[in-house]
């Protein structure tokens, strides 16, 4: 399967800071950076106004960069209750912006992103930033952290998408699918760094 | 302060079932039913598609009934993780629909709604349904539970809005506000049933 040219938007969701990125799949495992940024909404503002601002900002990004797919970080119930709920409200608005434009959405957990990008599901921020800088051939590390996370989500989707397609294709023939599951994973190259 | 004619939309948020209601404040503490219903999205469908359907359905309600204000139940982190997150995503989409139409949003906890409507913050579903049926002069209890909850949210806002206005007015003069806080609450009538 050839993903060359696939445009992926990565979103690290948040209401105070929401990381946005756009990358494009190149040949093999190459990924090219297109855009990266952070949308901020003041924490003192009304929740409805903040969601409206976020919706409009991400909508403008989608209309400008026309991604083929959006990768969003999956939110869990941990940390400050109010922050988690605000982030979950933001995720609803972000997914809706994609759905309104007919752009499919994939969600990844933080450990899935870390594993796909660095090979280690427990990589720290420093390691992740170093990997993203190297993978995308950036002259300096992306800042702030939300921007780096958004890039990592987009790279994660570029590298995992072929595997998702293969998994779905495998489901067409149950026996083949079962046989594949019994075979030791041949997918290690999906988590290694391109040479 | 006269709220007569104020149109309030109550929303009991959810993705599988979302209760919607519209009521209109009458004279004194009278509240008149305008509409009630439930929006459902199939739990097997794609999350993005479900949020899109909910957004469109609630948008149609808002465009048809033109509420002056929306009252939404505040979601907490409890119960099934996946359900809580889905509901929180739905809340983001619901608040956005109001914000896009310039309609202010108020959020109430379940116990605030119960206390405002029945005088008891721990009233059960049966008691709440009986109160709502009586307050709105309905010929039979509203069904399903999500519809009754949406009506209770709207009634709660009708009865609490005057108190919210007084509280804000009190904040204009710090001394008056402080004096009011020391006085035993004269607001019991806000939680009693209209005679």
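Using N, Cα and C of the backbone, Cβ positions are placed for all residues, glycine too.
Quick caveat, the model's predicted, so the values are computed rather than measured.
Using a 10 Å radius centred on the Cβ of residue A:12 (active site) and all shown protein chains, the other Cβ atoms total 25. Reduced to three states, the DSSP call for residue A:12 (active site) is strand. Summarising the annotation, TrEMBL assigns active site to A:12 (among others).
Taken from TrEMBL, the feature Mg(2+) 1 binding site applies to A:12, A:146.
Under DSSP, residue A:73 (active site) is assigned to a strand (E or B) in the three-state scheme. Residues or ranges marked as active site in TrEMBL: A:73 (among others).
The Mg(2+) 2 binding site annotation in TrEMBL covers A:73. Residues near residue A:73 (active site) in space but far in sequence (CB under 8 A, at least 6 apart, same chain), listed by position: A:11, A:12, A:13, A:107, A:108, A:109, A:110, A:113, A:149, A:153.
Under the heading active site, TrEMBL lists A:146 (among others). DSSP assigns residue A:146 (Mg(2+) 1 binding site) to a helix.
As annotated by TrEMBL, region 'Disordered' applies to A:176-195.
Spatially close to residue A:146 (Mg(2+) 1 binding site) yet at least six residues away along the chain are A:12, A:14, A:17, A:18, A:19, A:38, judged by Cβ distances under 8 angstroms.
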